[in-house]
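These notes concern the structure reproduced below.
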Amino acid sequence: MLLEAGRDAESVLLSFQVLALIAFICIETIMECSPCEGLYFFEFVSCSALVVTGVLLLIFSLNLHTRIPQINWNLTDLVNTGLSTFFFFIASVVLAALNHKTGAEIAAVIFGFLAMAVYAVNTYLAIKKWRMNSRQPNSRQTSDYIRARTESREVDHRPEIQRLDA
């Protein structure tokens, strides 16, 4: 989840990286498979999560997210964690159903479900953060609008305006 402190965001993203990397390494150690579709899908999901989360970790580590205000980073984090949760769940279930009971496949399934659980918790926190931040700007914009509107109604008696009228 994108947190206010960069170190917190980095540590959370680093934990995602570690779990996705372990799951990816476990799946890559499998030498034989007969129905390989589940294996390939799990490999794709773990590699994609590793790359996307790695890019976000790099962006947050270099504080580039503060230099690119056009992107809603809370929503980006929410989408990343939500999709990763969903796809890790599907990939882990498929691999658990189609595995050959080898140690590497079982370890990949376990780390896939662990990664899914961590992403799910982070998705919940990202939803809370996104909702909280989506309410704040609207109230600030409304109060700015009301303040500007009331200030424009106030009559200013400026001498330069009076000189033009005369």
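The backbone N, Cα and C atoms fix where each Cβ goes, and this holds for glycine too.
Features as listed in TrEMBL:
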type	residues	note
DOMAIN	4-131	domain 'MARVEL'
TRANSMEM	12-31	transmembrane segment
TRANSMEM	43-66	transmembrane segment
TRANSMEM	78-100	transmembrane segment
TRANSMEM	106-127	transmembrane segment
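Long-range contacts of the transmembrane segment (43-66) within its own chain (CB-CB distance under 8 A, at least 6 residues past either end) are made by residues 2, 6, 9-10, 13-14, 16-17, 20-21, 23-24, 27-28, 73, 76-77, 80, 84, 87-88, 90-91, 108, 112, 115, 119.
For the domain 'MARVEL' (4-131), residue counts in helix, strand and coil come to 107 helix, 0 strand, 21 coil, using DSSP.
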